[in-house]
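Take a look at the structure set out below.
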Amino acid sequence: MSRAFNFSPGPAMLPEPVLRQAQAEMLDWHGVGASIVELSHRGPEFIGVAAEAEADLRKLVGIPDDYAVLFLQGGATAQQALVALNFAEPGQAADYVISGHWGKTAIKQVKPYVDARIAATSEADGFRNIPDPSTWRLSDDAAYVHITANETIHGVEFRDTPKVGTVPLFADFSSSIASEPLDVSKYGLIYAGAQKNLGPVGIAVVIVRRELLERAGQPRADIFDYRSHLKGESMLNTPPTWNWYLAGLTFKWMLAEGGVQEFARRNAQKSKMLYAAIDGSGGFYRNEVDPAVRSRMNVPFFLYDEALDKAFLKESAAAGLMALKGHRALGGMRASIYNAMPVEGVQALVDFMRDFRERHG
Ligand code: PMP
């Protein structure tokens with residue numbers, strides 16, 4: 001068996017030790033005679049797994065006690081809709097800063113519920129930038145300001161937390177959570193689908209300042225109510241136990257590797273290596289994002305002649321470098337280099353890119 005270096009944007013590469021542990025525990029979890037995924041979510045075994053996952057995530061990300069943590073289904077997209085139902089009155093203003101594709105999906109999800117306003121957008125610039133916060137048109141009466149911390153497709157990442165005054169800042173951290181230290185207290189709410197940095201697809205994490213849960217929000221079913229989920233310990237209905245368990249193993253792995261400080265170091269090193277290979281290629285490869293906001297997680301790049309794309313993908317796959325094809329909205333290539341991607345994987349990619357350029361340049 002040989003595992004490739006997998007540059008998939010998500011579902012993404014998981015740490016091998018996590019997969020091995022899941023494999024070892026698959027048939028008989030901790031001697032109970034069954035897999036964890038065959039046990040009741042209300043039994044002591046799974047309750048323990050869930051509680052440990054929350055404690056580990058709190059430690060990993062540095063989540064203060066006055067923030068609640070929810071583990072939910074529906075992916076990041078469901079949270080994009082639910083934030084309006086839970087925190088805005090019907091038709092209330094909500095401000096969105098759009099720096100890529102996922103900011104656009106976020107605003108689309110809330111259109112039925114709020115007066116969704118584009119406070120700023122870099123679309124005219126092809127999402128190669130983040131609009132300067134001094135130019136944002138923020139509304140005093142907004143329920144919240146929403147940003148996408150890292151745009152997975154366009155490869156654009158906020159490098160500082162913007163100041164938005166007294167209106168709470170909500171952020172989609174799906175593709176960058178736990179990749180570096182984060183001051184949670186600057187945000188009202190953070191959400192993330194797990195399938196990039198936190199583990200498998202099928203579970204999403206919501207981190208919310210508890211006092212915001214006192215807002216009335218809008219008429220909604222219990223299952224769409226964050227307060228009810230908190231009261232029910234994220235088990236209002238049968239939760240995705242397997243996904244939650246795998247995420248928990250991934251949190252433990254990240255803590256054992258040195259936590260977010262260590263991942264910040266590795267991620268800085270990996271992204272620097274890759275951008276240097278692109279920028280130093282004499283135009284053979286190019287990344288068009290403003291260097292000040294280039295993503296450390298997702299690196300889109302183009303070959304100088306797109307006729308070479310097919311050969312690049314075929315030869316990279318043959319070299320054990322998987323899933324480098326860019327998103328269909330942009331074309332070209334994209335390397336997603338989340339926490340589970342080792343430095344050696346990026347080194348292998350950079351070596352391949354040099355070799356490919358020498359043969360085709
Ligand atoms: N936001 C961002 C930043 C994403 O990268 C994605 C998925 N790639 C989503 C939201 C949507 O996530 P999901 O498919 O879990 O709903």
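Yeah, the Cβs are placed from backbone N, Cα and C, and that goes for glycine too.
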> For the pyridoxal 5'-phosphate site that TrEMBL assigns to Ala76, Thr77, Trp102, Thr152, Gln195, Asn237, Thr238, which of the candidates Asp56, Asp125, Asp172, Asp279 is also assigned?
Replying inline: Asp172
> Among Ala76, Thr77, Trp102, Thr152, Asp172, Gln195, Asn237, Thr238, recorded pyridoxal 5'-phosphate binders, what is the largest CA to CA distance in Å?
Replying inline: 30
>> Distance check, please: Cα of Thr152 (pyridoxal 5'-phosphate binding site) against Cα of Arg42 (L-glutamate binding site), rounded to an integer number of angstrom.
In response: 35
> For Asp172 (pyridoxal 5'-phosphate binding site), what is the tally of other C-beta atoms lying within 10 angstroms of its C-beta?
Replying inline: 28
> Of the binding-site residues Arg42, Ala76, Thr238, which sits closest to Lys196 (N6-(pyridoxal phosphate)lysine) by Cα distance?
Replying inline: Ala76
> DSSP on Ala76 (pyridoxal 5'-phosphate binding site), three-state: which is it?
Replying inline: helix
> Between the binding-site residues Thr77, Thr152, whose Cβ has more other Cβ atoms within 10 Å than any of the rest?
Replying inline: Thr152
